[in-house]
Every structure is written in structure tokens, then in C-alpha cells.
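Asks: Sharing a structure below in C-alpha cells format, with a few things to ask.
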Amino acid sequence: NPRQKDGQTDVASRHLHKKPKHSMYLDLKLFLETSFMKEVDSHFTEFVNSLVAKSALLDSSTSASHFPASGSEKEQTLRAPPEHGKIFTARRSLLDELFEVSHIRTIYHMFIALLIVFILSTLLVDFIDEGRLVLGFDLLVFVFGKFPVVFCTWLCMFCATVFVPYNLFIWWAQGHCSSSHRVLRSLFYGMLFTLFQTAGLGFGPTYIAVSYALPPASRFIVILEQVRLVMKAHSFVRENVPRVLSSVKDKSSTVPIPRISQYLYFLFAPTLIYRDNYPRNPMIRWGYVATKFAQVLGSLFYAYYIFVRLCIPQFRNSSQETFNLRGLVLCIFNSILPGVLILFLVFFAFLHCWLNAFAEMLRFADRMFYKDWWNSTSYANYYRTWNVVVHDWLYYYAYRDFLWFFGKKFKAAAMLSVFTVSAAVHEYVLSICFGYFYPVLFCLFMCFGMVFNFILNDRRKGPIWNVIMWTSLFLGQGVIICLYSQEWYARQYCPMENPTFLDYLKPRSWSCHMKM
């Protein structure tokens with residue numbers, strides 16, 4: 001029947017027109033299901049690989065691998081359980097990664113432009129006042145004066161740190177197994193090491209810095225190197241003594257004594273945690289080293305122009321005025337900008353450029369000297385991420401060892417002890433370098449720092465807490481720059497002929513303003 005055939009043809013044609021849409025739907029559904037399964041499979045594979053990598057890394061930390069941890073599993077029981085020490089891995093510094101982003105690099109360019117503005121401002125003002133270009137750097141020459149004394153002092157400190165702790169440890173380790181009075185022998189060598197730390201590295205450099213009247217920056221070099229070498233010597237002994245005790249307990253025939261080359265590498269390496277080996281890069285990028293040292297030098301001149309343009313004119317005039325509350329408040333708020341700029345420069349020049357330059361020369365691959373402290377919403381996180389190098393030392397050798405010795409119930413006391421040690425060392429450095437005792441930083445650490453550490457804790461996650469943290473940080477930098485600068489100029493304007501020890505402890509800025 002023709003009509004029937006025509007009807008079947010129409011149905012078939014309608015079916016053929018509908019089929020592509022249905023097949024496209026099936027194909028799209030199959031494609032989405034396949035993509036989803038591939039995505040799930042890739043995430044699952046990545047998760048499993050990360051677990052395998054972490055487990056392999058933990059296993060390698062207890063064996064003689066490319067960068068082992070502090071020793072065997074039995075040895076680690078001498079630490080506060082379940083502490084297994086810091087694990088070093090090859091990683092770049094955060095700013096090196098961020099500077100690859102053009103938007104972040106633009107912020108870096110803005111700071112360079114600000115430096116150019118400071119230079120032009122200084123040159124133009126000097127040209128107007130003097131009628132000629134004044135290119136002298138008298139302030140830099142003064143603060144870094146008596147450099148031969150600084151170099152000789154550093155050389156003596158470094159040589160003493162190389163020979164004394166290492167040889168004391170070798171003599172103790174080699175005779176510990178056969179000694180019949182192990183406790184008395186260990187106490188004897190421990191007292192010798194403590195005597196070296198306090199008298200040799202502690203009193204000696206401080207006496208030279210004070211007796212030779214070294215200028216501020218030269219004193220900073222001596223005292224900071226003193227603190228660094230004390231911390232490194234402690235880490236070397238703290239990490240290796242448990243290994244010897246573990247080998248004696250296991251009745252091992254060999255005593256694990258590090259080579260002198262490993263100890264020397266540790267003294268120069270940008271870390272305060274000793275290991276026999278660290279992750280190493282295959283080559284040295286000398287262009288990178290030169291860039292970092294150039295940035296350190298540029299940061300030094302940046303700080304020079306900040307003091308010349310923003311600090312010295314303000315404090316030279318304010319120190320000649322009568323002390324009052326209004327002047328103090330204006331001084332603090334006027335000091336916020338130079339204080340914050342100095343904070344950024346110290347972070348960039350030392351924690352990023354200086355440490356990365358030495359890490360590159362030593363092929364030291366673990367470059368996590370800091371974390372993203374600028375994103376912190378709590379002071380607890382800020383203290384952990386601002387200076388990872390020092391934080392690791394305080395965490396493993398102060399906080400963890402305190403809990404190991406007194407028990408885990410005393411976490412608050414352990415935290416308080418770490419804050420006290422950190423605040424005392426910071427105030428000691430500033431007191432010796434400036435030549436007077438004015439515990440502004442110590443009070444900020446122990447009072448506001450401790451309070452903010454508990455109030456702005458890790459439970460604060462919103463962006464408002466980051467704003468609060470930056471606001472308090474700005475105010476703190478303003479207080480530090482203002483009060484220490486006022487005290488410095490007060491001691492210049494109101495000197496004492498025969499100052500006693502108490503005169504070094506009393507703030508001169510209060511009485512000097514009243515006299516004037």
C-alpha cells in the first residue's frame with residue numbers, strides 16, 4: 001500500500017531526526033561521567049601519592065638517607081614523645097614564588113619607586129640648603145665604624161665555636177661507653193660546655209662591644225652573631241648527645257660522631273637545627289647570589305634614607321621640647337610609617353635576601369625561612385610564621401624540652417617560658433647595641449604580646465582579625481621607634497660625666513626633658 005509505505009517513511013524520518021538529539025544527550029552524559037570519574041581518580045591518586053611520599057619521608061628520617069633526621073627510632077625516645085624533630089625538605093622561599101606573579105612584582109617596584117623618591121628628596125633638600133649636591137653617607141660610616149674590631153671579634157667567636165663544643169663532645173662521647181662514672185663524667189663535660197656558652201660566647205663579645213665603644217650597627221653584628229653561635233652550639237650538642245646515649249644503651253660497637261665537615265657546614269647553613277645532612281641543590285646560581293646581596297645593599301641604603309628623611313629631623317627637634325602627653329602621642333603616630341618600613345626592610349633584607357644568598361652558596365635546598373605571616377589573623381600564627389628559623393629552635397629546644405622535662409600538663413608554663421626567653425634575648429640585644437637599658441620591647445613582648453597571643457588565637461579566622469593584627473603591629477612599631485629614638489637623643493643632649501650602673505638602667509628621656 002503506497003499510503004502505508006509513505007506513513008512508515010514519515011515515522012522513520014521522524015525517528016531519524018530525533019535520534020541524533022538522543023545520542024548527543026547520551027554522549028554528553030557519558031562524557032560528563034567519564035570526566036567526573038577521571039577527576040575523582042586523579043584526586044584520589046594524588047592523595048595516595050602524597051600519603052606514600054610522607055610515609056617515605058618519615059621512614060627516611062630514621063635512616064641514613066639523603067637528609068636524615070636526628071637518628072634512629074630508639075634515639076628519638078629521648079625526646080618529648082611523639083616529637084621526631086624537624087624534617088628538612090627541598091622547597092623555595094615564598095617571596096621567590098610570589099615574585100613570579102606580575103601583580104606582586106608590581107608592589108616590589110612600588111617600593112623601589114619610593115626609594116627613588118627618598119633619594120631625590122634628600123638630594124634636592126641638600127642642594128637647596130648647601131648650594132651643592134651632598135653625596136656623603138656620614139650616618140652609615142658612623143654606625144658601621146670600627147669594622148676591624150668587629151671582624152676580629154667575629155673570627156675569635158667562630159673559631160672558638162668550631163673547636164670547643166666539637167672537641168668537648170668528642171672527648172665525652174669516646175669515653176662515655178667505657179667510663180665507670182658516666183653521670184659524673186657527663187656533668188663535668190656539661191659544666192665545661194655551659195661555662196663556654198656563658199663566659200666564652202656570652203661575656204667575651206659583650207665585653208668587647210662595650211669596652212671598645214662600638215657604634216650601634218657594629219654592635220648588632222657582634223651580638224647577633226654571638227646569639228646565633230650560642231644557639232647553634234646548643235643544637236649540635238642537643239641533637240648528638242641522645243644518639244650517643246642510644247648507642248651505649250644498645251651496646252653498639254660504634255659511637256655516632258659527626259664529621260668536622262658536617263659541623264662546619266651547619267655553622268654556615270641558614271638553620272639553627274643540626275642534622276648530619278640536609279637536602280642539597282645540584283648547582284649554585286651565582287647570578288641569584290649576586291642579586292640577593294645587591295638587594296641587601298639596597299635595603300641598607302633604603303634604611304639610611306628612611307632615618308635621614310623621616311626619623312632624624314623629627315626626633316632631633318622633639319628631643320629639645322618639653323615632655324607632654326600630646327607630644328608623645330604625635331611622636332608615636334609619626335613614627336608608624338618609618339617603623340613599618342624598617343620592619344619590611346628587616347624582613348626582606350635578612351629573612352629573605354641574606355638567608356637565601358647563603359643557602360644558594362651552600363646549595364641548601366630548604367628555603368622555608370618564613371611563611372605567609374602577612375596573612376595571619378592571630379598573633380599565635382604570626383609568631384610561628386614571621387621567623388621560622390628562630391621559631392624552630394624555640395619550639396624544639398625550649399617549648400618541647402620543657403614539656404618533656406616537666407610534663408604535658410604545663411603547656412601554659414612552657415609557652416610563658418618561651419615568651420620570657422625570647423623577650424629577654426631581644427631586649428638584651430637592643431640594650432647592648434644602643435648602650436642603655438630601656439625595656440620597651442620587653443614590656444611589649446611580655447604584656448601585649450602575651451595578651452594578644454591568647455586573645456588573637458588560632459580560632460580567629462575572619463579578615464577583620466587580620467586588620468586588627470596589622471593595626472596593633474603598626475602601633476607597636478610606632479611605639480618602639482618613638483621611645484627608643486627619644487631615649488637615644490636624650491642621652492646625646494643630657495650626658496653624664498661619671499654615670500653609675502643605675503644610670504644606665506634609668507630612662508634618661510624623662511629627666512632630660514624636664515631639665516631642658
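Cβ from N, Cα, C; glycine included.
Not my notes, these are from TrEMBL:
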ACT_SITE  HIS426  active site
TRANSMEM  107-128  transmembrane segment
TRANSMEM  140-166  transmembrane segment
TRANSMEM  187-210  transmembrane segment
TRANSMEM  286-307  transmembrane segment
TRANSMEM  327-355  transmembrane segment
TRANSMEM  410-430  transmembrane segment
TRANSMEM  436-455  transmembrane segment
TRANSMEM  467-486  transmembrane segment
Asks: Please determine whether the transmembrane segment (467-486) and the transmembrane segment (107-128) are in contact (criterion: at least three Cβ-Cβ distances under 8 Å, sequence separation 6 or more).
Replies: no
Asks: Can you give me the same-chain residues 6 or more apart in sequence from HIS426 (active site) with a CB-CB distance under 8 Å?
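Replies: Long-range Cβ contacts: LEU441, PHE442, PHE445.
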Asks: Sort out for me which stretch, of 107-128, 140-166, 286-307, 410-430, 436-455, has the most Cβ pairs below 8 angstroms to the transmembrane segment (327-355).
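Replies: Stretch with the highest Cβ contact count: 286-307.
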Asks: Can you say which of 107-128, 140-166, 410-430 has the most Cβ pairs under 8 Å with the transmembrane segment (286-307)?
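Replies: Checked against 107-128, 140-166, 410-430; highest Cβ contact count belongs to 107-128.
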Asks: Quick test of the contact rule: Cβ under 8 Å, at least six residues beyond the ends. What residues does that give for the transmembrane segment (410-430)?
Replies: 220, 223-224, 227, 390, 394-395, 398-399, 402-403, 437-439, 441-442, 445-446, 449-450, 453, 484
